[in-house]
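The structure appears below as structure tokens.
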Amino acid sequence: MKILLESGCIPDAAMIHAARKRRQKARELGTDYIPIEEQSDEKGKSRLIREEDHDRSDDDDSQDRIDMTVNTEARDKEKRREAFLASQVPIKLSDNESEHENEEEEWEAQQIRKGVTGAQIAAAQQDSMLQQQYTMGMNVNQMMGTSVPLEMVLMPAPPPPPSIQPPDPTKIVPVTPQKVINRMRSRLENLKEVHRQHQQEQECLEQELQQALKELDVGNIRTPHFAQRFRYYQELRGYVTDLVECLDEKLPLVIKLEQRWLDLYGERSTELMERRRQDTRDQAEEITTASRGQGVRRGPEVEAHGRRATEREGRRARRRRARELASTLPKHIDGMSSDDEVTEQQNLAFKQAKDEIDDDCKDIFSDVLDEYCTVRGILSKLESWRETDMDAYTEAYASLCIPKMISPIIRLQLVTWNPIMESADIERTKWYNTLLLYALDSKETEESLKRDPDVRLVPSTIEKIVIPKLTSIIEKIWDPMSTSQTLRLVGTINRLVKEYPNLNDTSKQLESLFNAILDKIKTAVENDVFIPIFPKQVWDTKHQFFQRQFAMAVKLLRNLLSWQGLLGDMQLKNLALGSLLNRYLLAGLRVSSPTDALVKANMVVSTLPRAWLQGETIEHLKMFASLIQQLSEQLDQANPTHNEAWEYAKSILKIIKPL
């Protein structure tokens, strides 16, 4: 049983039962038990008992038993067993024979691997193992019925050599010589294709190698040039860094000076506008008090009122004498002139503050080299870069950065620029001429200018620097009641819009400027227009105050309509005609006499733009035309004093058709 287990065989139920029976008999008989042959019908069991007798390593009882019999047959079997075992021992061969045998075995194995696939070998080995197990089971059962010792029967047999079963002829795909040839040709074509690919890769690699060698040679030749460019860009980088640091330090000072100048002029403008409005309120109060028949009042307010009236009449008298001395001036209408006179002390303080601002403007860049604080110095560096490496100049968008780089310097030169007080064209300034001549080439053509990245340098500078400056002047200084200021401002903006195409509807800076103009106009219409309306029994409409206020309203209308062509027509019509004409001027015409009203109506019509009077009557003028029709019907054609008024009425109705 032990040998059987060591050999890897699994005993069946009969073998286990025989072994148990033999051990039981041995325990019952003790040491006197001598096993004898049993009958043939119990041969399988006697083999198990004899196995227990001859197995000395089974248990303690079999080790203590002494065999006293002389069994020749058993000894013969033992000898045959030993001979069988001896025959199983492999014969040791000499080294030469063993080496030769190993070579033959390896050659056979190689041939087998060439002819047989791995799947066939695995299937053959599996069939061999199953056959071996089946044969071993059969041999054990057969030998147990004979007189062969159990040890020999159960001895594990050496593993048989691997056997390869021949393939099944029914499963073999027939192979013809033509198929073999076709396969060989296909294989040859594949190899040729791979060879061609390898050749192409080799050619590409050779070309890349040649190109790399050429680039290496070119790099060696151009190394000094690249080194020089590197040094140039390092110097340019250092210059730009220093320039940015300088401008970052000076820009707050420039902004502060701009604000000081705007505050100086803004305070004077606000003071003059507030004085004019206060004079209007004082005169209206005087007329109201006189119409009510109230007595004279006393107190600080009355004294201040009287002082303002005295100063007002004194300024009017001085303007009247100045007009009389200038005999070339046309006939003056009271209310059309601007009251911008100030005292000598105020004028001296204003001039002193202005001179201080001028001196501070000169001192800001006094400690800076010209190449960092002048437009010419900065542009000379950039122009050198443009001439050295135009591609890098274009790729860096230097043309877009120039307006911002020179902005602090131009803003400093524009601190005291005031186009509404004096005619100062920016086209005459030095910085403008420098920008105009930047990168100028005598060989330039129209096509080259189209490709020039700096072709929009001057328009961009005007849009980003000059227009915001104008916007701040309008917000702080401009008085819409001043005709001279309005005409200068309109002329400046009109010239800029016509000369620079980038100042169009898409410009945000220009939009901000027009919004500031509209806001200032709305404020003037609301605060500067006052036409007193009293019953005819109280006072005559020919009163000087009424005539002056009506003339001031017409003057404002004329100033507003001077923006026609710049501001939108719809917005301008709403302000000039809808608010000013229909709300204030028509009310003054209704309380006037027909002749006086038609004279004033002629003044109003003379201010209207000719573009608005062509074609059909615009909606905002229909009320005005109806009023003129009513006034003309009140005239007496037989009265010679009404002839002038009648001519005015006919000319007006010819232009503006009533409802």
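Numbering starts at 1 and runs along the chain as displayed.
Glycine too: its Cβ is placed from the backbone N, Cα and C atoms.
If you look up TrEMBL, you'll see 22-87, 274-321 marked as region 'Disordered'. For 41-83, 274-284, 298-314, the entry in TrEMBL reads compositional bias 'Basic and acidic residues'. Annotated coiled coil per TrEMBL: 181-215, in sequence order. Annotation comment: TrEMBL describes 376-585 as domain 'GCF C-terminal'.
Break the compositional bias 'Basic and acidic residues' (298-314) down by DSSP state and the numbers are 15 helix, 0 strand, 2 coil.
Looking just at the coiled coil (181-215), the mean pLDDT is 94. Counting residue by residue with DSSP, the compositional bias 'Basic and acidic residues' (274-284) contains 11 helix, 0 strand, 0 coil.
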